[in-house]
């Protein structure tokens with residue numbers, strides 16, 4: 001009969017939880033923290049499509065971002081104001097002008113791209129990881145286009161981008177993603193939000 005007691009306990013907890021929820025919902029919802037993030041990556045890495053899909057917009061009419069665009073992406077426990085910077089050659093050199101005020105970085109790479117593009121992406125990621133305005137921030141690195149046959153695995157990307165030596169001691173998450181798997185993408189963002197919250201708490205402690 002040991003198990004029976006546990007079941008009873010669970011039920012009680014459950015109803016408590018529901019009461020609490022009902023009470024909560026009557027007042028205005030608690031303000032979700034907002035974080036300002038910068039999203040970088042080469043043209044074609046899929047930044048705009050991923051962000052549009054997270055905002056539940058149709059990715060069909062997505063055009064490459066020239067300059068930058070800002071999207072407020074709502075998550076359950078936070079709102080991310082994501083400043084997405086265009087990834088064309090002539091825009092990348094201006095990226096750093098937009099870094100100020102960022103609290104985190106999303107770097108999107110096309111895991112199915114050519115060696116040349118990967119090399120460029122690697123250099124850009126290395127520059128961002130070492131940039132004085134970004135180097136202390138949490139990074140979410142998304143290996144996009146995992147649904148393509150040519151996609152490299154996350155292990156391959158990690159090795160190629162030499163993340164271990166370079167980003168050691170930094171807070172970064174490397175995740176596979178594709179437009180087909182929004183659950184995984186949202187999960188990656190939840191992990192990033194956890195890092196942002198940790199960083200917030202640290203700032204308070206100082």
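Using N, Cα and C of the backbone, Cβ positions are placed for all residues, glycine too.
Feature annotations, reproduced from TrEMBL:
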type	residues	note
BINDING	41, 42, 43, 44, 45, 46, 47, 48, 87, 144, 145, 146, 147	GTP binding site
BINDING	48, 65	Mg(2+) binding site
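Sequence features annotated in TrEMBL and their locations in the structure.
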residue : record              : Cβ contacts under 8 Å, 6 or more apart
41      : GTP binding site    : 47, 87, 107, 108, 109, 110, 121, 124, 142, 144
43      : GTP binding site    : 64, 86, 87, 88
45      : GTP binding site    : 87, 108, 109, 110, 113, 121, 144, 145
65      : Mg(2+) binding site : 47, 48, 84, 85, 86, 87
147     : GTP binding site    : 178, 179, 180, 181
Number of Cβ atoms other than its own within 10 Å, given for residue 47 (GTP binding site): 29
Site extent for GTP (largest Cα pair distance over 41, 42, 43, 44, 45, 46, 47, 48, 87, 144, 145, 146, 147, Å): 21
